[in-house]
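Take a look at the structure below.
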Amino acid sequence: MNLSLLTTNKNFKYYFYGQAISRFGDSLFMFAIVWFVLQISNNSALLFALAMISMSLPEILFSVFGGTLGDKFNKKNILIIIDILSIIINIIVIILTIVQSSILLFYLIFFIHGMLQAIWVPNYYSFIPTIVDKKDLTNANGFMELVDQVNFVIGPILAGFLVKFTGLETIYVINTLTFIISISLMLRIIYNPSTLDKNGKREASKIFDLSEVKEGLSYIKGNKIILRLMLIYSLSNFVSEPFFSLLIVLVKDSFENPLYIGILNSSLSIGLIIGSLVSFKIKISHMKLIILSEILMGILMIIFIMAFPHISTFLIYILIGVILSVEQINVNTLYQLYTKEEVMGKIMGIRVFSTQSLRPISKGIGGYIADRIGVKYIMLISGLLVFLNGLIFYSNHLSNKIQIKEEQVEN
């Protein structure tokens, strides 16, 4: 990771620090929300699941339209408005927490939060190539990925201490302050979008027009690189989901010890952070690196299951984390390099939908089969399918001789 990007590009510096701070607040907020729901529901698994669904469902349903919003309006302003609305949500949550409101009102808040995330995610990624040169995109995406992984490790730990010693309200206040800081930094970014809706129109009614979705799908169909990228990554998420979602079940069945899963999660986090730091140094074309990552990850998943519960699984899980991070960063970079700015938002939205919508289905299928053949076997099959996914796309990559001349794009 080249730190000079933070000193030579002021716009990215403000964006990076702003998002790093607000993402930190989000990591605290999510822990607090989960804890509070469990408290007021008396640890009801059903009520907790409904809370998670109320947040994740709008992210899936509205992600495409959230991306379209960024294509028609100023992305910087959208991100700032989302921060402002998030502050309002935090204040409402503080009040609801103090008065011990009904969980139904929290479901409504969670749904609104999910809608904001549906708008935020595609614009978060599509904003980066508007303030960073193409040659620096891999480095920039590495920075942003690092933010998520560090917050993933630090956030829950700090949130746990805050909840225990100061209460939930402290976390909500901190989260509000992080959004205020983020807004102040975003306002310092000099941003002049070159394209805002190719016809110069900004009708809000068109944001939910299905023709916008059709336009995005048509663009993907006509762009071989983006089409192949979306296929390989969506399939990867679908076939790998049983492995990661059922890991905790495998550990519990084998050990009845939460410490083991905690150490495993820490191992994955270490790998994700390492991957964020080294990704920009890997001098392999983005598409080839993504395909090789799929093949290697499939092999490591298979080795992990065969070695489990040997101590070597910790090291294997670190390596899986490295590959996941490198693949994610290069996927983001490839989308940004080969998507036109005027459709970047809707393409990112379709990407979010194509991956997130398949995960619940994959979890359900994986869980159903696991109950019949065993958790370990479905996880082994999951690793094998990831490996085959990589091999199939590698074979297709060679047979079609699709050469991605990235040097020409980046120079």
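Glycine is no exception: its Cβ is also placed from the backbone N, Cα and C atoms.
Note that TrEMBL annotation is computational and uncurated.
As annotated by TrEMBL, domain 'Major facilitator superfamily (MFS) profile' applies to 1-411. Annotation source TrEMBL lists transmembrane segment at 20-38, 44-66, 78-99, 105-125, 171-191, 230-251, 257-277, 289-308, 314-338, 377-395.
Most Cβ pairs under 8 Å to the transmembrane segment (257-277), among the stretches 44-66, 171-191, 230-251, 289-308, 314-338, belong to 314-338.
Between the transmembrane segment (20-38) and the transmembrane segment (171-191) there are at least 3 Cβ pairs closer than 8 Å, counting only pairs 6 or more residues apart in sequence, which means the two stretches are in contact.
The stretch with the most CB contacts under 8 Å to the transmembrane segment (377-395), chosen from 78-99, 105-125, 171-191, 289-308, 314-338, is 289-308. Distant neighbours of the transmembrane segment (105-125): 19, 33, 36-37, 40, 50-51, 54-63, 65-67, 69-70, 75, 78-79, 82, 85-86, 89, 92-93, 96, 332, 335-336, 345-346, 348-349, 351-352; these residues of the same chain sit at least 6 beyond its ends, with a Cβ under 8 Å from one of its Cβ atoms. Counting C-beta pairs under 8 angstroms (sequence separation of 6 or more), the transmembrane segment (78-99) reaches the transmembrane segment (171-191) with 3 or more such pairs.
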